[in-house]
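Report on one structure; see the data block that follows.
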Amino acid sequence: MANVHVINHPLVQHKLTIIRDKNTGTKAFRELVDEVATLMAYEITRDMELEDIQVETPLQTTTAKTLTGKKLGIVPILRAGLGMQDGILKLIPAAKVGHVGLYRDHDTLEPVEYFVKLPSDVEERLFIVVDPMLATGGSAIMAIDCLKKRGARNMKFMCLVAAPEGVKALQDAHPDVEIYVAGLDEKLDENGYIRPGLGDAGDRLFGTK
């Protein structure tokens, strides 16, 4: 699929297996999601631009590389996206953080927006929109819609697991947004859940039912 990057790093895949396991408790689940987010952030930032600068080492002046180009922003989709936020910030501590609050209506399976708060300089940033799961694609599409309406022009989407239906929906709605996923799963079931999936990420992160 165009613009879809499956992160097959052995550590990502190993940790994702434990995340999927129904016997993994809240504490371990939360820690593993955080760790996988850090590892995936390493991949999603691989194409960041560099420029040469002069730096003084203890021994001499030399040419070295430093980041340039667009500043970064992280936008977790509430609430489950919060579980990936700190893992990315460990790697990119200077990134600004916005939030988009959505919940899925369990009757219509459609997302409903209830909160949006973004940095003021949205036009200048590359945003990494994060949510552990890409199921129908509705929440990701609405979150990216929210950013674009407020002036954002550069975005990537990152999730742990995705259904093919959600990937296609997001690609159709936002073909300019690259998708980074740890596990591309089989399908959505009749209830709109990813199979085999990992259960309800929000409930497993926060210990709720």
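Note that Cβ sites are derived from N, Cα and C of the backbone, with glycine treated the same way.
Under 8 Å, Cβ to Cβ, and six or more positions away along its own chain, Ala135 (5-phospho-alpha-D-ribose 1-diphosphate binding site) finds Ala162, Ala163, Glu165, Gly166, Leu188, Gly192, Tyr193, Ile194. Per Swiss-Prot, 5-phospho-alpha-D-ribose 1-diphosphate binding site is recorded for Arg79, Arg104, Asp131, Pro132, Met133, Leu134, Ala135, Thr136, Gly137, Gly138, Ser139, Asp200.
Annotation comment: Swiss-Prot describes Ile194, Gly199, Asp200, Ala201 as uracil binding site. According to DSSP, Asp200 (uracil binding site) is assigned to coil rather than to any helix or strand.
Secondary structure at Ser139 (5-phospho-alpha-D-ribose 1-diphosphate binding site), as computed by DSSP, is helix. Rounded to a whole number, the distance between the Cα atoms of Gly137 (5-phospho-alpha-D-ribose 1-diphosphate binding site) and Gly199 (uracil binding site) is 16 Å.
Classification of Asp131 (5-phospho-alpha-D-ribose 1-diphosphate binding site) by DSSP places it in coil, neither helical nor stranded. Apart from Ile194, Gly199, Asp200, Ala201, the residues listed for uracil, the same chain places the Cβ atoms of Pro132, Met133, Tyr193, Gly197, Leu198, Gly202, Asp203, Arg204 within 8 Å of the centroid of those Cβ atoms.
Following the DSSP three-state reduction, the secondary structure of Ile194 (uracil binding site) is strand.
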